[in-house]
Amino acid sequence: MSLLRVANLGKAFRSYRREWHRFARWAGLPMAPGEETWVLRHVSFEAHHGRAIGIIGQNGAGKSTLLKIITGTLHPTEGHVEVNGRIAAILELGMGFHPELTGRQNARHAAGLMGFTADEIEAAMPSIEEFAEIGEYFDEPLRTYSSGMQMRLAFSVATAWRPDILIVDEALSVGDSYFQHKSFDRIRKFKEEGTVLLFVSHGMQEVKELCDRVVLLDKGRVIKDGLPDEVVDYYNALIAEKQAAGATIRQQRTEKGWMQTRSGSGEARIASVKLLDAGTGVEVATARVGQKLCLVAEVEIRAPIPRLVMGYMLRDRVGHVVWGTNTWHTRQVVENLAPGDRVTYELHFTCSLGPGSYSFSTALHENNAHMESNYEWVDNVCVFDVINTDKHHFIGCNHLQKHIHINYIRNAG
Amino acid sequence: MLAMLRALWRYRYFVWSSIRNELVSRFLRSRLGGLWMIIHPLAQVAIYALILSNVLAAKLPGISNKYAYSIYLMAGLAAWTLFTDILGRCVNLFVDQGNLMKKMAFPRITLPAIAVGSCLVNNLLLLAAMALIFLLLGHGFGWAVLWIPPLLILLTAFSLGIGLILGVVNVFVRDVGQAVPILLQIWFWFTPIVYPATIIPEPFRKWLVLNPIYPFVAAYQQVLVYSRTPDPATISIVGVAAAGLLLLALLLFRRAAPELVDVL
């Protein structure tokens, strides 16, 4: 059974030529609204027990509107939301808090606003107090709190009862890192126990880590709905895209399951990328820890460009950036290129990575960032595995240059 | 409509704690605390009673007490204050609580319930202070005083009815919130509160029928000043009107609720 079903959801803000037209409509008179602005349309998805869905998109894409409709503060103009269970939303922490009241009183009040009865609230109060970890302050007026403490209290109340659907907005990214970890742990635990998570963030890393599925909104429509790496890469490409009109985005899955996304205006493009053993020049698909490698990228120029910067990004299987830089930072900008020119980049490096699967993404652009004048961005252009054949066993993604020195004194007795 | 009341019942704890927080937080950092809640109305009533009765020692027909005028004034004010308190709170209710309504999903009906609750508490304290001062001034009450609770309920329904309608309209046409205080001031002077109805010249007195708040004010004055039962026929008409108005307001509110947040 799905906990949440959003079917063909649409929201239009109506403005009327005369405000009394609106009142006349309530009375049942057929008054056509003067203007309808659709901020959300044809949005459908479904969420089952324990799934986490990320919702991403630029500002004004309709994310907040979608969340508000699911929460129930806004009413949809068309379509409907089917919710089986209780929804809790961490949209804005500390809503309805009163500065003169103590933490305990505010907690009671906020829990009341969530619809709990006095008994239920009193029963949960010890765990709210414990989770917030603000000690004596719990019985002090809220105006004496730091903003971090307020946020601890607010989160603690908002998540005191496990909801069936939890909506998490960026609100969570405030507060100290200790409490951030603690709150993410609680959210993960909820998820394991079956809570559906709706996660809105601009932090693509968090989205990739936490979500099973990502929905990308743009101008109120779902333009992509799929696995996190696929949608997030598409989104990144889309952002770069906004600067270069008329370019296209192409995505395809490689045999190994990595999603390759190409986007950009196309003045320069990657013709080929090869990962070679630096010594022998033989192409490798599986590298050894400590092996000397060389990534050779051939770039063809298809239109006159003033400058060319090559950017590299190395990521692990879950999308964590392991390393990245570009030739703007290394002061190796190539200038004044004409159509037909070819530029070959060789990246020499030692494979100091831990065992696992890795991918290179490349970016060709004019300046130091790929946001403007993006010629071509290719996600996962080269994918390779790393195995440990001749080094001591170790874990992690980095083969740290280490030396362990041990001193000991035997007890002579 | 039933669902609305059920939601209100489910959120009764929230309504109750909001009313309490509102009252408590107002006096929280003062040394006398909750005592201020009683001192304010007491002072207000005492000022009317002592000063006005000495300055304007006009006698009311049919009552011999020296403080007759101030008692008359207070009786009318008790009704008027409740009316304007509720109306004033309701008109700006949704505009003031806009942010909360945008961010949290909770039954919207709790907002007017909280407003009415806290106005009622204030009004009851005012009535208690009046009763105390009246007794000190040697003015007794008859059994007619038992009419006060039903009058209070009808007046609340009437005020809430008008307040809710204006409150909803104010979200879409903000001029309402600006116009209401001005209209209330004019309305106040067109109602026999400060002056007795008898001083209105005969040809104009029949227009008083058009003043919907006057039956309430008059009933309060009848009960509190003259210890007389208010006219049952008038009260029934007013009661039906108040109930009808409140029902209309709730229907409008239910109709408008989905669109409120859109424009807040």
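Cβ coordinates come from backbone N, Cα and C, glycine included.
Annotation source TrEMBL lists domain 'ABC transmembrane type-2' at B:32-256.
Taking Cβ pairs closer than 8 Å, the transmembrane segment (B:67-88) reaches residues 45, 48-50, 52-53, 56-60, 115-116, 119-120, 122-123, 126-127, 130, 133-134, 137-139, 151-152, 155-156, 158-160, 162-163, 166, 180-181, 184, 188, 191-194, 196, 213, 216-217, 219-221, 223-225 in its own chain, all 6 or more past its ends. Among the features that TrEMBL reports, transmembrane segment is placed at B:67-88 (among others).
What TrEMBL lists as transmembrane segment is B:109-135 (among others).
Summarising the annotation, TrEMBL assigns transmembrane segment to B:147-173 (among others).
The annotation transmembrane segment is assigned in TrEMBL to B:180-200 (among others). If one looks beyond the transmembrane segment (B:180-200) by at least 6 residues along the same chain, the residues whose Cβ comes under 8 Å of a Cβ in the stretch are 60-61, 72-73, 76-77, 80, 84, 87-88, 91, 166, 208, 211, 213-214, 217-218.
The annotation transmembrane segment is assigned in TrEMBL to B:233-253 (among others). Listed by sequence, the residues of this chain that lie at least six past the ends of the transmembrane segment (B:233-253) yet keep a Cβ under 8 A from its Cβ atoms are 1, 4, 108-109, 112, 150-151, 154-155, 157-158, 160-165, 168, 212, 215-216, 218-219.
Remote same-chain partners of the transmembrane segment (B:147-173), defined as residues 6 or more beyond its termini with a Cβ less than 8 Å from a stretch Cβ, comprise 79, 82-83, 85-95, 112, 115-116, 120, 123, 127, 180, 212-213, 216, 219-220, 223-224, 229-230, 235, 238-239, 241-243, 245-250, 252-253, 256, 260, 263-264.
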